[in-house]
Structures are given as C-alpha cells and as structure tokens.
Ligand code: COA
C-alpha cells in the first residue's frame with residue numbers, strides 16, 4: 001500500500017521526546033525517517049528507565065518506531081561531510097538540541113540553505129528566539145510551568161501541578177509536524193524550503209488558551225462563575241487552580257463510584273449539560289429538581305453545585321464506574337469512567353482501532369505502544385519496531401557510495 005508521505009526523506013536529528021514524537025508521526029505516514037545518533041551512545045532515552053538490562057528502553061521504542069538508525073559523529077570532519085551529503089538529498093531535517101547546538105556543529109540555517117535550498121528545517125526549542133529564557137535547556141515540566149498549564153492545574157489549596165500528559169514534549173512535536181507538512185505543501189508552490197520552529201512554551205500555551213480566556217474574563221468582571229471558588233470563595237487577580245471543574249460552560253466534576261474506598265480510580269467524570277438538565281434529573285432519580293427554582297437554571301445551581309454533586313455521588317454509591325456510565329449514556333449525559341493505564345492497555349476497542357498496538361521488537365520481544373491517534377479512510381499506518389542503534393549504518397553509507405573498506409575505516413575512527 002502506498003502511503004501519503006512515501007518518498008519524503010527526513011533526517012531525524014532529534015532526541016528524548018519532542019523531536020522524536022514529530023518524526024515518528026511522519027514515519028507512520030510513510031516518510032523515510034533516518035535517525036542520526038552519536039556512535040555508541042545514541043538517543044539518551046535508549047538507556048533511560050530501562051525495564052530490561054541492556055535492551056532499548058520503552059521510552060525509546062515507543063517514540064522511534066518505523067525509523068532507521070545511523071550512528072554518526074557529526075562533530076568529526078568526516079561525519080560532517082556525511083551529514084552534508086544526507087542534507088543535500090533530504091526533504092526535511094528535524095532537530096531539538098539545546099539552543100545553539102546546530103550552529104556550534106557547523107549547521108546553521110544559513111549553511112543548511114546553502115547545502116539544500118529545498119530543505120525544510122524543523123526545530124523545537126524550549127522558548128522562542130526572542131524570549132529572555134531562550135538560552136535555557138528545557139524538559140517537559142519546565143515547559144508546562146512556563147506555558148501557563150501548571151499555575152492553572154491542581155487544587156486551590158495545593159501547589160502548581162503538572163499534567164501526566166506530555167503537553168510540552170509530544171504536543172510540541174505534533175505542532176512541529178503540522179508546521180513541517182504545511183512547509184512541504186508551500187514548497188510545491190515556491191520550490192523553496194523554510195525554517196519551521198516551535199517553542200515548547202508556545203505549544204503548551206496553545207493548549208492552555210482557555211485559561212488566557214479566563215484571565216481576561218477575570219480582569220473584566222472579577223470572578224469566574226464556573227470555578228469552585230465561586231460564589232463562596234475569593235478570587236485574586238490571576239486565574240486560580242480549579243481542581244476538576246469543567247473548563248467550558250458546563251459544570252463537571254470527578255465523582256466517586258462504588259468501590260472508591262479501596263480503588264483509587266473508581267470514579268467517573270460527570271458533566272451537567274445545561275440543555276440536558278431534565279434528562280440529568282431523571283437519570284439520577286431526582287425528577288423533582290427539573291422545575292424546582294433552586295435547581296432549574298445554571299445560575300440557581302451554581303451556588304450549591306457541590307451539594308448537587310454530593311447528591312449524585314449518593315446515587316453512584318451502588319454502581320461501578322462502568323455501570324454508571326451505561327445508565328447515564330441512555331440519557332445523553334456527557335460522562336466517562338476514569339480509566340487506568342491498565343484498563344487502557346487491555347481495551348479491545350483501542351486495540352482494534354490501532355490506537356494501542358502490540359509491536360514485536362527483535363531484542364525486547366512484544367511491547368505495547370500508542371499508534372496513530374489520527375485515522376484516515378485511505379490507509380491505516382502500520383506501526384513497526386524501533387531501530388537498534390546504528391542498525392542501518394552500513395545500508396545508508398553504501399547508498400551514499402561508500403565501499404565496505406571505507407565504512408570499516410570510518411568505524412575504526414569512530415566516525416560511525
Ligand atoms: N555527533 C556528535 N555530537 C552530537 C551528536 C552527534 N550525532 N548529536 C548530538 N551531539 C551533541 C550536540 O551537538 C551537543 O553538543 P554541544 O553541547 O557541544 O553543542 C551535545 O551533543 C548535547 O546536545 P544537547 O541537545 O545539549 O543535549 P543535552 O542532553 O545536554 O540536553 C535537552 C537535552 C533536551 C535538555 C536539550 O537538547 C534541549 O533543551 N532541547 C530543546 C528543547 C527540547 O526539545 N526539549 C524536550 C526534549 S523532550
């Protein structure tokens with residue numbers, strides 16, 4: 001089956017999560033992605049959080065599927081020459097080194113353009129070029145804090161809190177992938193490549209934009225009526241942490257179900273949808289609330305919304321999270337069980353859709369990964385194993401015209 005990005009050559013000069021997530025997505029959709037790694041070392045995630053001694057860690061295998069690996073010391077003159085050859089014939093180069101590392105290596109944007117004016121150069125940094133923090137090295141949680149997610153996540157009586165979801169890393173990679181695909185389409189018209197950059201701070205903020213909405217509302221009216229602090233608590237001049245409150249116009253909360261005393265995840269998320277109030281009352285056995293003036297409108301409910309949630313929890317007390325959702329779905333109530341990673345790992349629907357995929361790795365054996373969350377009617381990405389360090393070194397150098405003798409010499413000199 002022909003894949004949409006077939007024929008697009010990507011040099012994957014990335015590490016850890018943000019860059020690899022971007023290039024992995026391109027690889028799933030058919031691009032020929034070559035990961036360039038330091039000889040004998042490779043992407044640091046190959047060794048991080050290992051669960052099996054001397055085997056590539058899941059951190060690496062789950063972010064580098066469908067790629068090839070070339071070991072190359074790009075700081076040696078011979079290594080630079082090889083990278084130059086690769087750049088001349090590539091369509092895309094993606095990197096997420098610390099600020100300035102590409103320049104120090106001799107591959108500034110100006111130099112890259114000289115080598116290949118059609119090349120699209122994708123780059124992830126922690127902060128934008130004009131930021132006072134532009135020189136900083138950045139990991140996931142640093143970005144979540146700088147992008148406004150941490151100050152607005154968690155409970156009001158606790159500290160700023162980071163999310164378990166990779167809002168800084170994988171999210172920035174997804175933004176960069178959109179940018180690269182856009183630049184590829186633009187190149188069809190102009191014939192020219194361009195530099196595409198994303199900052200992790202910006203990408204986090206893009207997902208936290210509803211909180212910037214709330215900041216402006218707060219400055220105008222002095223309160224945020226959908227937050228638990230309203231109307232009985234106080235607001236300062238910054239958006240507070242709202243616990244599990246719904247971020248939109250529909251109040252919601254995480255509610256206890258049967259077994260919560262012993263099971264940390266026996267909860268559902270329950271939303272009180274304004275237009276479904278009557279159905280909600282019927283579902284939870286409170287038909288008398290439908291027309292009661294203390295309950296009938298969102299404004300009337302807001303002042304005692306937590307009493308309402310407490311009453312709903314009484315209704316939930318003898319139902320598991322799955323039983324509760326099965327009842328509530330009949331009344332069109334937006335809700336879901338709080339699922340554990342174990343439940344997700346074995347969810348048959350997620351397996352069937354290709355969102356959770358079992359991959360065979362030649363050393364590790366089978367492991368689970370997250371497949372493409374984007375579904376197409378025309379093709380289904382096949383998720384393959386990640387490459388071993390340098391697995392494709394000989395193949396790539398041979399394609400570039402190096403003889404077996406020359407490759408052996410490069411290896412002896414630790415260039416590859
Ligand atoms: N051959 C020779 N040298 C190589 C190489 C290769 N194949 N690949 C990398 N290097 C060098 C780099 O050029 C750099 O050298 P320099 O410090 O002399 O310039 C060095 O290895 C280290 O790279 P660096 O990116 O600084 O790694 P780090 O481990 O110190 O920092 C990050 C890691 C992620 C903190 C940093 O890269 C960063 O801030 N990246 C941008 C933001 C980002 O993407 N963060 C999220 C990661 S999920």
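Glycine residues also receive a Cβ, built from the backbone N, Cα and C atoms like all the rest.
Annotated CoA binding site per TrEMBL: 38, 72-75, 96-98, 104, 137-140, 273-275, in sequence order. Under DSSP, residue 75 (CoA binding site) is assigned to coil, being neither helix nor strand in the three-state scheme. Over all protein chains present, the Cβ of residue 75 (CoA binding site) has 12 other Cβ atoms lying within 10 Å.
For residue 169 (active site, nucleophile), the number of other Cβ atoms no farther than 10 Å from its own Cβ, over all displayed protein chains, is 27. Here TrEMBL flags 169 as active site, nucleophile.
Here TrEMBL flags 248, 249, 250 as substrate binding site. Secondary structure at residue 249 (substrate binding site), as computed by DSSP, is coil.
In the three-state DSSP classification, residue 38 (CoA binding site) falls within coil.
Taking each of the binding-site residues 140, 274 in turn and counting other Cβ atoms within 10 Å of its Cβ gives the largest count for 140.
Taking the mean position of the Cβ atoms of 248, 249, 250 as the substrate site, the remaining residues of that chain whose Cβ falls within 8 Å of it are 226, 246, 247, 251, 271, 273, 274. The binding-site residues under consideration are 38, 104. Their Cβ neighbour counts within 10 Å are lowest for 104. Among the binding-site residues listed (38, 97, 248), 38, 97 have a CB atom closer than 6 Å to some atom of ligand 1, in sequence order. Among the recorded positions 169, 248, 250, the ones whose Cα sits within 10 Å of the Cα of residue 274 (CoA binding site) are 250. Rounded to a whole number, the C-alpha distance linking residue 38 (CoA binding site) with residue 169 (active site, nucleophile) is 21 angstrom.
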